[in-house]
Amino acid sequence: MSADLEGFAKLVQDSQSIVIFTGAGISTESGIPDFRSPGGLWEKNRPIDFSEFLQSEEARRESWRRKFAMEPVLSKAVPNKGHMAISSLYDQGKISAVVTQNIDGLHQASGIDDKDVIEVHGNTTYAKCLDCEARMGLDRVREIFLPDEILPTCESCGGIIKTATISFGQPMPVTEMRRASAAALTCDLLIAIGSSLVVYPAAEIPLMAKQGGANLVILNREPTPLDPHADLVLHREIGETLAYVTKM
Ligand code: NAD
Ligand code: ZN
């Protein structure tokens, strides 16, 4: 066995309170494209930032069109080997929290309790009013929007409806960021998986774990700017690596 896998397995075995920090890379094996890889979402579409979404009706329409175009992929996606390996560590009681930048709900689908998944960039499986935070199901949005692209508005207060995700330029969810920071500062190992680690403030979370005295492992196909801070870096495929290490 190669030394990096052996080192990784040992760190996992020796740790009792692990924080998992995931990015889009963990879900590519479930058929959901990431942003920055070749063939990723940014090759097709520049992201719509929060101020554009607020200011322009056309941007809101385009955002809903993209959402419903992605829906067949998202609604069919199921957890892959990587998600399942994390869930088996969770069942062994080793994981204190799963902090995710993903919005796809696949950690919960893999069997991690809702209360232990901290979604710092929100969730795309439902929509929310930007004013009063009332939830609106996607089926209801689809009913209003799809026939002639009438923009959905809140049925309680008339406010703007948006998927419950955090766009660039949108304030981060305060409670989730606080919980994620606390988990990182008190864990003994943080494993960052499938994230380019360039989106802030989320990318501060792995650094907080280091500040708190934990070990940091980065598992990602390509280098990240935080590699120099890690105790161990694995430039490997996620599913097979996690499956291998958790079976040992
Ligand atoms: P990113 O696209 O910037 O980085 C993903 C990283 O994962 C890349 O460095 C890539 O090389 C690596 N990767 C992809 N597949 C891999 C595999 N099988 N094995 C090993 N490495 C692999 O993603 P990010 O850092 O999460 O930042 C993008 C933002 O976009 C996130 O904040 C998230 O909110 C959002 N997003 C979410 C989803 C989702 O929920 N599944 C999908 C796309 C984008
Ligand atoms: Zn409202």
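Using N, Cα and C of the backbone, Cβ positions are placed for all residues, glycine too.
Taken from TrEMBL, the feature domain 'Deacetylase sirtuin-type' applies to 1-248.
Marked as active site, proton acceptor by TrEMBL: His121. Annotation for His121 (active site, proton acceptor): spatial neighbours Thr100, Gln101, Asn102, Ile103, Thr165, Ile166, Ala202, criterion Cβ-Cβ under 8 Å with sequence separation of six or more. The secondary structure of His121 (active site, proton acceptor), as reduced to three states from DSSP, is coil rather than helix or strand.
For Cys129, Cys132, Cys154, Cys157, the entry in TrEMBL reads Zn(2+) binding site. The secondary structure of Cys157 (Zn(2+) binding site), as reduced to three states from DSSP, is coil rather than helix or strand. The number of other Cβ atoms within 10 Å of the Cβ belonging to Cys157 (Zn(2+) binding site), over all protein chains shown, comes to 12.
Taking His121, Cys129, Cys132, Cys154 as the candidate recorded positions, the subset whose CB lies under 6 angstroms from any atom of ligand 1 consists of His121. Non-local neighbourhood of Cys132 (Zn(2+) binding site): Cys154, Ser156, Cys157, Gly159, each in the same chain, at least six residues away, with C-beta under 8 Å from its C-beta.
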